[in-house]
Amino acid sequence: NAIIGRYKLSVQSTASGSSSPASLGTFVLLFNPWSSGDDVFMSNKAECEEYVLEEFGIIFAGNKNHINSFGWNFGQFQEDILNICLSMLDRSLNYRQDPATDVSHRNDPKYLGRVLSAMVNANDDHGVLLGNWSGNYEGGKSPSSWTGSGEILQNWKKSGFKPVKYGQCWVFAAVLTTALRCLGIPTRTITNFSSAHDADGNLRVDEFYDASGNHLDRAADSIWNFHVWNESWFSRSDLGPSYSGWQVLDATPQEESEGIYQCGPASRHAIKEGDVDLDYDCPFVFAEVNADCMYWNYDSATRKKTLIFSKSTEIGQFISTKAVGRDDRVDVTNDYKYEEGSKKERDVFKKARKKLGLEDKFDPTAPTQEEIDQKPDISGKFKVDGPFEVGKDLNLILVLANLQSDAKTVNVNMTAWSTVYTRRPVYEIWKDSISVALSPKEEKQFPIKISYTEYQQQLTTDKMIQVTALCHVEGGIQVLVQRDITLDNPAIDIQVLGEAKVNKEVDVEVIFTNPIDMEVTDCVLQVQGNDLLRGILKIDVPPLKASEKSRTKFKLTPFETGPKHLLVNFSCDKFPDIKTFKMVNV
């Protein structure tokens, strides 16, 4: 339970009568998850290997209908990273306000986790990364272009500790993983799909649409396609043994906690049991995986809002992390909540509402029971017709079904917007409206095609599009049909030509075929991999004509044995950030 950090070591000789001790140098003391007396003790050795010693990770993204993943170089043992992580502690607000008290708490992983969750974002304290969710990343690097934490931390130090531009949730989480693993605290990244950002703490997320079906950016609440945070492993002497184990930390600046942008540690067990009154920030994390969703129609002229429908099973799906010792996805949703729709899950939700004082308080913004209970006359859904790939036309089918035994007339207003992964609309891509007559119990299908030329200029680096159909049923209530689409990049292939041996050159080839019928330009290949090459290799690739294949060769000289990961990021004007990785056995 000693304080971690840099110590001076000296030796004092008693025999010679000399009074001044001779300095032997300095050493850095870290947390020790292999030691049973330590707050971060983890009894499973394979988990220690993964969550402390592993420098490569896989982060999950996309949306609940289509989960994708990419590799990340945490690089916590690379040159200068430990020094930079210690500087993060010394640049925190707590240290600046009261150094002695701050340092005296540095034996407590709860304290350090919370301090670092604040320091990884630039808000409040000139921390490491500046967040940007606008879709415009001029003046910095787009968040999806990073492939490792090392470059970010080194840029922060090189610039005299000016915030690095730009981060989004997975970048904040990856950098926090690097810092905590570096200090010996077992840590992993967690991705939550359909993640709620409940800004007003009522465990409810409100979304607004206009009559044309446009998703209005007018609520502080939002439902993100995915959100990435961290879990760190340590005991909670402040709460009791049942709350020890995985603790949620979140460095993405979403809401203030005690006046600054920091979040956690929130005990994962407390989240599952609805114990939202426990430290720290449990109500916010509970809402991220459990909030109820309300979808409203908003008329800007009259300022009147009408509930379209509400859903309690939408939020917090496919909660994912990388498997121990393998490159697979593990689903941890059941560690965050009881089965969706079960009595136990609803009881926990009620318990949380009660603890937050929401049960007894009249909420004028909440829908009436009558509004919640109303039943629509028709149902609708978007069916997917084939894969969604950047460079290809998007084909969807709108399926409308009449649930009643009398005929219905439906006016449908459809829109498609490009969005960032937080589902914030950026550019309108397409709109259309149709009038549909449905005979009793009839189902009709309407094919929708959005061409590449329509969306090509408007796509964000997240490659996400939200398609919405707002159906106005004559004499009935409105029905909202929506689908979030994540487009896949074309494939890129890495081949190691020969056997990788320590201190021996080996050739690597990266192969990319331009899948579209126009030229792509500004092609750049970036390569990194711990123990395979030093720093980041950047190679300019000549422009590629329609359907042309490029083969880019470079040499590696590995300097450590074992399984190593090579990470590649290929970018050009039409396809930003095509990522892949390959395991190389040296």
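First residue shown is number 1, and so on along the chain.
The backbone N, Cα and C atoms fix where each Cβ goes, and this holds for glycine too.
TrEMBL annotations:
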- Cys169: active site (ACT_SITE)
- His227: active site (ACT_SITE)
- Asp250: active site (ACT_SITE)
- Asn290, Asp292, Glu340, Glu345: Ca(2+) binding site (BINDING)
- 161-253: domain 'Transglutaminase-like' (DOMAIN)
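The local packing around Glu340 (Ca(2+) binding site), expressed as other Cβ atoms within 10 Å of its Cβ over all shown chains, amounts to 15. Helix first, then strand, then coil: DSSP counts for the domain 'Transglutaminase-like' (161-253) stand at 17 helix, 41 strand, 35 coil. Of the listed recorded positions Asp250, Asp292, Glu345, the Cβ environment within 10 Å is emptiest of other Cβ atoms at Glu345. Using a 10 Å Cα-Cα cut-off from Cys169 (active site), the recorded positions that qualify among His227, Asn290, Asp292, Glu340, Glu345 are His227. His227 (active site) has Asp250 as its nearest neighbour among the recorded positions Asp250, Asn290, Asp292, Glu340, Glu345, going by CA to CA distance. Asp292 (Ca(2+) binding site) sits 21 Å from Asp250 (active site), taking the CA atoms of both as reference points. Same-chain residues with CB within 8 A of the center of the Asn290, Asp292, Glu340, Glu345 CB atoms, the Ca(2+) site residues themselves not counted, are Val289, Ser312, Thr313, Ile315, Gly316, Lys337, Gly341, Arg346, Phe349. Other C-beta atoms found within 10 angstroms of the C-beta of Cys169 (active site) number 28, with every protein chain shown included.
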